[in-house]
Amino acid sequence: MSIKPVVALIGRPNVGKSTLFNQFTKSRQALVADLSGLTRDRQYGDATYEDKAFIVVDTGGIGEADDGRGDIDDYMSEQSYTAIHEADIIVFVVDARAGMIGADAEIGKFLHTLGKPVYVVANKVDGVHDSAPAEFYALGLGEPYPMAASHGRGVGNLLEVLTADMPNQENIIEPRGLKLAIIGRPNVGKSTLVNRLLGEDRVVVFDMPGTTRDSIYIPYKRDGKDYVLIDTAGVRRRGKIDEKVEKFSVIKTLQAIEDSNVTVIVIDAHEGIVDQDLHMIGYALDAGRALVVAINKWDGLTADQKNYIKIEMDRRFNFIPYVKVHQISALHGTGVGNLYPSILRAYQSSMFEVSTNRLTQILQDAVTANPPPTVAGRRIKLRYAHIGGHNPPVIVIHGNQTGSLPKSYQRYLENQFRQVFKLEGTPLNVVFKLNENPYANKSDTPTKAKTQQLRQRERNRAQKFTTKDKKPR
């Protein structure tokens, strides 16, 4: 499947994990910088090396103890535990200047128990003897990779090794059907909704939060249409780590969203709409995914509570007026069947096609009804439009002075396209391109070339008449 591998960076504080994270992600901003209610010492980013994509996690929370005593729990936070168990590959960053200390040895022992690929990176080798990394052979995790992450030295070699067995993006086999992701905070009813959508008990449901693990793909048919449900529900029973209740799996949520065509976010009506719900909605929109909102456990509310939630929906969802919101009860099945039409409309909207002629006509109608403003005495001209992509749909508009088009006018055009094509549930990207003169960088413009051609004809004609009029000697 096309789910991205996960690489977790672990190690003591100040060994260079964040610097290596920035090198991997090319200093891009972390995908999730601060999700409400989550430990803030983890960052998540997208990385690509030679067309091989993966998610990189910068973990925190490993202690400074250097006496080598105590259990691994003394050194590692619950969130770091979670990141390590979700990862496909572990990069263990150590400090070549400081040398190996007790905490490094304790973490190394723990990593031996995981059965996952582990790469030891001896960072900060600049200014130390070439033999300094050799000390970390004692960890028993293979050859240490010398690196100076702050200068980028050694990063390329590590990436080449890390990605050697990862699939190329163009070689990934996609499952057949509309890919539907079910996301939401813990215990909002995701697994119950999955069972309702599938119409059978395909997923075990638990009442306590934190019983979710890896995303799984469930292909199924409904009304003759193919679907692939990307579900983050399952059972955690994989050793000591699983005795801890996981608060939230950011990695699996990001993977499910990115790999979906349509995302359904489940919100607990009893808890109301919280910031974490909005963060997940925001990420789905940033990823360009079509969206449907399901307010679950609706039947358990009083009339006053329902009125309050409706007011909250109007207030907190005002930035997504094009997204359909459903009130459902996954447990009893109320309203669940109504999700499918919204899911299909959102998907169709995200993949819509239209001819350039038709799109340009809609553009011209919008411009006629409400012309663009003038800039420096010249009116901005928008000449034609065409489709530039899908999921999310992209409309490309060509014209002059497009860089000066106000945001308010850009939103006006987006709303016009939404209304005409009845786009529901999907972000819409409207991109503006400046018309370029193809002869701008050439010595001859069409006008100049035409002039020279006419002059040459005149010279030829004059020469012809001169020759004709000459008398023979």
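Yeah, the Cβs are placed from backbone N, Cα and C, and that goes for glycine too.
Keep in mind that what you see is a predicted model, and the values were worked out from it rather than measured.
Lifted from Swiss-Prot, the feature list:
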type	residues	note
BINDING	11-18, 58-62, 123-126	GTP 1 binding site
BINDING	184-191, 231-235, 296-299	GTP 2 binding site
COMPBIAS	455-473	compositional bias 'Basic and acidic residues'
DOMAIN	352-436	domain 'KH-like'
REGION	438-473	region 'Disordered'
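Everything Swiss-Prot records as a feature, shown here on the structure.
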{"residue": "Gly11", "record": "GTP 1 binding site", "DSSP (3 states)": "coil"}
{"residue": "Lys17", "record": "GTP 1 binding site", "DSSP (3 states)": "helix"}
{"residue": "Thr59", "record": "GTP 1 binding site", "DSSP (3 states)": "coil"}
{"residue": "Val125", "record": "GTP 1 binding site", "DSSP (3 states)": "coil"}
{"residue": "Gly184", "record": "GTP 2 binding site", "DSSP (3 states)": "strand"}
{"residue": "Lys190", "record": "GTP 2 binding site", "DSSP (3 states)": "helix"}
{"residue": "Trp298", "record": "GTP 2 binding site", "DSSP (3 states)": "helix"}
Rank the binding-site residues Asn14, Thr59, Asn187 by the number of other Cβ atoms within 10 Å of each Cβ and report the first-ranked residue.
Thr59
Within 10 Å of its Cβ, which one of these binding-site residues (Gly184, Lys190) has the largest number of other Cβ atoms?
Lys190
Mean pLDDT for the domain 'KH-like' (352-436), as a whole number?
93
Please report how many Å separate the Cα atom of Asn187 (GTP 2 binding site) from that of Thr59 (GTP 1 binding site), as a whole number.
25
If I take the alpha carbons of Lys17 (GTP 1 binding site) and Gly184 (GTP 2 binding site), what is the distance between them in whole Å?
29
Measure from the Cα of Gly184 (GTP 2 binding site) to the Cα of every one of the binding-site residues Gly11, Thr59, Val125, then give the nearest.
Thr59
Could you count the residues of the domain 'KH-like' (352-436) that DSSP puts in helix, in strand and in coil?
32 helix, 26 strand, 27 coil
Val125 (GTP 1 binding site), Cβ-centred 10 Å count of other Cβ atoms over all protein chains shown, is 22
Count of other CB atoms lying within 10 Å of the CB belonging to Gly11 (GTP 1 binding site):
24
Give the distance between the Cα atoms of Thr59 (GTP 1 binding site) and Trp298 (GTP 2 binding site), rounded to the nearest whole Å.
37
All-chain count of other Cβ atoms within 10 Å of Trp298 (GTP 2 binding site):
20
Among Gly11, Asn14, Val125, which are recorded as binding-site residues, the nearest neighbour of Trp298 (GTP 2 binding site) by Cα:
Gly11
